[in-house]
Amino acid sequence: MEAMPCHNQRLGAAGGPRPQDEQTAPAGGCSRLIRFAEPSEGSSSGSPSPDSSSGSNGAAAAPSPAAEDCASPLGAQLKLLPMNDQIRELQTIIRDKTASRGDFVFSADRLIRLVVEERLNQLPYTECTVTTPTGYKYEGVKFEKGNCGVSIMRSGEAMEQGLRDCCRSIRIGKILIQSDEETQRAKVYYAKFPPDIYRRKVLLMYPILSTGNTVIEAVKVLIEHGVQPSVIILLSLFSTPHGAKSIIQEFPEITILTTEVHPVAPTHFGQKYFGTD
């Protein structure tokens, strides 16, 4: 079956992707395109929006089909959820300022679940044999233990239920990071993790990556608790090019999974999800 195109890949008779836009995955993987969408007309891609969930209730419209694509410079550390029309519709509802809160939360929860399941599919499994009710021996696999989740409060807490729906007994830690009123720099106010977090793979949850500063501070806290950046997997829904680049430049070993890279992030996410907009 022909692979579903990336959501930022133009279709039709205009021809295929340019050779310089193609990125090759590491050995054992498949080639795929990672593209940044261009901002909609009238928006500025030079000034990323703040990482906090404060902001206008509206989000930018979808990029113009005529917008020129640009290739990702971030390599294999930035991974996009395979695109299809279902995911595109969920993204559209989340960005639509006229969407009701019920539709918004429903769509966000669905998209979160898809991101979590995609990432769990990349974690280690071991082979096992089970016996069916009819006595048949079935060769299967089982999920390896040793993973945990960490949500960056408050918007990251929206992703906790999606993780628990897939891993009922997984342990989840929390980090609260806010901007200092005087310096406007990210400051850690609260952090609580499983005591053996340094031995676990960490699924760090933060739905909107705008500047990347909040995530960078969170990763620094995890490192202070003995966690290596190479075992941290950042789960997000939307990211700006600036946010993803800032995180990967600071921590080249970290992995980011998101559904879309776009210069304008829906920073109203946390307020609308929790009903405080």
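Cβ coordinates are placed from backbone N, Cα and C, and glycine is handled just like the others.
Note that this is a predicted model, so its numbers are computed, not measured.
Quick look at what Swiss-Prot lists:
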REGION    1-69  region 'Disordered'
COMPBIAS  37-69  compositional bias 'Low complexity'
BINDING   ARG101, ARG110, GLU144, LYS145, GLY146, ASN147, ARG171, ARG200  GTP binding site
BINDING   ARG154, TYR206, PRO207, ILE208, LEU209, SER210, THR211, GLY212, ASN213, THR214  5-phospho-alpha-D-ribose 1-diphosphate binding site
BINDING   THR267, HIS268, PHE269  uracil binding site
**Study point:** Residues ARG154, TYR206, PRO207, ILE208, LEU209, SER210, THR211, GLY212, ASN213, THR214 binding 5-phospho-alpha-D-ribose 1-diphosphate per the record - widest CA separation, whole Å
**Key:** 17
Revision key, fill the gap. CA pair PRO207 (5-phospho-alpha-D-ribose 1-diphosphate binding site) / LYS145 (GTP binding site), Å rounded to integer, equals 25
Practice item. Have a look around GLU144 (GTP binding site) and count the other CB atoms within 10 A of its CB, chains all included. Key: 11
**Study point:** Closest of GLY146, ARG171, PHE269 to ASN213 (5-phospho-alpha-D-ribose 1-diphosphate binding site), Cα positions, binding-site residues only
**Key:** PHE269
Study note, to complete from the structure: Quick tally, other C-beta within 10 angstroms, ARG110, LYS145, ARG171, HIS268; top of the binding-site residues is HIS268
Exercise for review: Consider each pair of residues in ARG101, ARG110, GLU144, LYS145, GLY146, ASN147, ARG171, ARG200, all listed by the record as binding GTP, and report the largest Cα separation in Å as a whole number.
Suggested key: 37
Review point. Do you know offhand how many angstrom separate PHE269 (uracil binding site) and THR211 (5-phospho-alpha-D-ribose 1-diphosphate binding site) by C-alpha?
Key: 15
Study note, to complete from the structure: Students should find that the Cβ of ASN147 (GTP binding site) has, within 10 Å, a number of other Cβ atoms equal to 20
**Study point:** ARG101 (GTP binding site): secondary structure state under DSSP, collapsed to three categories
**Key:** helix
Check your understanding: Within 10 angstroms of the C-beta of PHE269 (uracil binding site), what count of other C-beta atoms is obtained when all protein chains are considered?
Key -> 23
Review point. Closest to HIS268 (uracil binding site): which of the binding-site residues GLU144, GLY146, ASN147, ARG154, THR211, going by Cα position?
Key: ARG154
